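Record features (TrEMBL):
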type     : residues  : note
TRANSMEM : A:12-38   : transmembrane segment
TRANSMEM : A:58-80   : transmembrane segment
TRANSMEM : A:92-109  : transmembrane segment
TRANSMEM : A:115-136 : transmembrane segment
TRANSMEM : A:145-163 : transmembrane segment
TRANSMEM : A:200-218 : transmembrane segment
TRANSMEM : A:248-268 : transmembrane segment
TRANSMEM : A:326-345 : transmembrane segment
Amino acid sequence: MNKLTSRIDKERLFLGLAAPVLAVVAALVVTALVILATGKNPGPAFNDMLTYGFASDSQVYILNKATTYYLAGVSVAIGFRMNLFNIGVDGQYRLAAFFAAVLGGALTVPGWLAIPLILICAMATGAVWAAIAGILKVTRGVSEVISTIMLNSIATAVIAYLLQPGKLAQLQQGGTVVATKPLPSGSHFFSINTGPAGDLWGFIFIAVAVGIAYWFVLGRTRFGYDLRTVGQSESAAAASGVSVKKMIATSMIISGAVAGLIGMPTLLNDSYQFSSDFPTGIGFTGIAIALLGRNNPIGIALGALLWGFLERTTNHLEFQGYDKEILGVIQGVIVLCVVIAYEVVRRYGLKRQQQKVGAELAAQAAAQSKKQEVA
Amino acid sequence: MTATMTDTPPPAAPKAAGAPQRTGRSLVQILMLVAGALLLLAAVRVITGSQDLDSAGQVSAALGLAVPIGLAGLAGLWSERAGVVNIGLEGMMILGTFGAGWIGWQTSPWLGLLMGIGFGVIGGLVHAVATVTFGVDHIVSGVAINLLALGATQYLAKLFFAGGAAANAGGNPKQSPPVASLPDVTVPGLSDGLHSIESHHWFLISDLAGILGGLVTHLSVVTVLAALLFAGSWWLLWRTPFGLRLRSCGENPTAAESLGVNVYSYKYAAVAVSGGLAGLGGAFLALVTSHTYLEGQTGGRGYIGLAAMIFGNWRPGGLAMGAGLFGYSDALQLRNGGTTVHALLLLLVVLLVALAGWKLYRKAMLQGVISLVMAAVILVWYLLTDTVPSDFVGATPYVVTLLVLSLSAQRLRMPKADGMRYRKGQGK
């Protein structure tokens, strides 16, 4: 037991926690100033956010939202670990959700077979779409930032073309919404009834499993080690025999496969079909959450929960006479504060380390000169 | 650090032996290229009968759509030449649209234009503080600015446009009240003459008249300003000591510092100018394209501008071409260009065949064969259909950019220290 606690470096732990806390405090201060500037009192607003956010129905809502955001965060984080900037998560998950919905609507097999098929279809679609950017990067040196931006727009066009009555979609009964054929009820993912608080989506277990797999593969396997090495220094990785190009393409594909899962909680637990109002822009949310969580599986979970919390509670602010549009300001400020706080804390840590090492060296030198005097 | 461990990656393709160093083309070469392109375009128009390929209306619409993209790209150019990647362009454009709409409807569109630039500069300064002073990763800071700009403008728009005098004048949380028009310029006489020549549909002459006519009819003053800014940026960055110092910050800041350049202030200046240009691009959208601030008005043009800049190899001329390409295909989409894009397929076939011939001549067998196969596939597509579905017309610029980038990527070279963190005194 003693051994376990002694392994935790208190200073490192403190520094690790300092950055997010600093960022959230800074974000709170900026938000309070913004609310004050509009002539309102920020106190009741924060108070309302807290009480409303911890109501049980809000908690279920937040967990459901966080399931989606967590998958987005992990997908982006996989790229980040390799210094790959996968902006294309957005297009990847939308295209994946669309094709998965089409497949799910067409399948007539029992659910235990249909659900895995839908998931595989989604992951494969995401992987293929990401692979285009990955392959262009390794073979032609095209920046993944640009190619994924282009691919996002192309995905939008592909979906717009196929999501039409007579192609892969149909007009719903109401006659106003165009959507894919709904999934048969057998293919719905299970959810947990929490009574009046609503249904907790069962997909949260898949998200947790993805998080564990992410932690295990990156932290505990040879592949993960190679991947992190390439992310840290391509030349060092190449020198130790890792094929950098292969790693870049592979991690892009894995990132895309995870991106394929992002739309699945919504599809399998909520909407059961893909229509033109399927949520968009979650890929960009994933970037913010991966940054917030520092690419750490638990950090990303906290980031996803924070995002869900903010979304739930700011929507409620309207009833208290505040503007719910403050959400975007809070989110933007948090991300900016987080990145600056991490940088400041990192520099502070480096300085401390230098001082410590310097002090130890000085002490050593002093001890040595003493010894010589004795001798 | 041993001599074998270098940070520069090997070139993606070995330079062909005996190939002349590419230091830009001479004027004659450029003119010949332009003439060739015109001939090709005229031939395709006559063969396919698709008159809208280069009509004055099409060209004029393309120009109007190209300006905001071009300004965003120019903004990216300034920043990246000084070594700061600016993916926050989209956010700075959003700030520009808001600033222009907010002041524009209350006073005059001219003040709105200034306010749009000013709001963009604020966005640029935030980016500079994060990246230059705090050394935050450039892309991360850019993403944060995009989020922040969107959030802040949504919040402020509700405060400023949803109540009181603004609401009476037609504002709502997502839209500002209408702004008066900025003047536009039509070259008298010339425009009509060109129009009559164009309507004869003569080979080459009408094409020229159409393109020129589009360029001189109902030209917004902001478009003229943008053209001047392009020329001015080129002159300032490539022909003055200031530009040389600024670009040296993007190539090798340590060396620049050792020569007495204050790298931080150059980077700050460049990123602030970058924000101002992006803001101007946003203001163009709010004041010229639609006469009002609208939420979501930029529609990703900041990203497209970035793509146009990379497309143009971090040079003003190439960037203008890239922006023109995007503007042109955007205009096709707006003008119901299914048949026109269909005609363009034939142009693509010709270009691909020419490329294949060139590659085969240079003994690049694989690339040559791939180009030929693609040409054949597109030719079949052209022959079997009459039009391109309108949803795909919108995707044309993105597909074209991807194609061009994947065919030309190894020729592109970004500033060497672009996107890298730089700390003062690093070289000591």
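Each residue, glycine too, has its Cβ placed from N, Cα and C.
Remember, predicted model here, so these are calculated numbers, not experimental data.
Residues 45-46, 292, 299, 302, 306, 322-323, 326, 329-330, 333-334, 337-338, 340-342, 344-345, 348-349 of the same chain lie 6 or more positions beyond the ends of the transmembrane segment (A:12-38) yet place their CB under 8 Å from a CB of it. Counting Cβ pairs under 8 Å to the transmembrane segment (A:58-80), the top-ranked stretch among A:92-109, A:145-163, A:326-345 is A:92-109. With a cut-off of 8 Å on Cβ pairs spaced 6 or more residues apart, the transmembrane segment (A:145-163) and the transmembrane segment (A:92-109) reach 3 or more such pairs and are scored as touching. Distant neighbours of the transmembrane segment (A:115-136): 86, 88, 91-93, 95-97, 99-100, 103-104, 107, 109, 142, 144, 147-148, 151, 155, 183, 187, 189, 248-261, 263-264, 267-268; these residues of the same chain sit at least 6 beyond its ends, with a Cβ under 8 Å from one of its Cβ atoms. If one looks beyond the transmembrane segment (A:248-268) by at least 6 residues along the same chain, the residues whose Cβ comes under 8 Å of a Cβ in the stretch are 64, 67-68, 71-72, 74-76, 78-79, 81-82, 84, 86, 88-89, 92-94, 96-97, 100-101, 104, 115, 118-119, 122-131, 133-135, 137-138, 144, 183, 187-189, 201, 203-204, 206-207, 210, 214, 227, 230, 274, 278-279, 282-283, 286.
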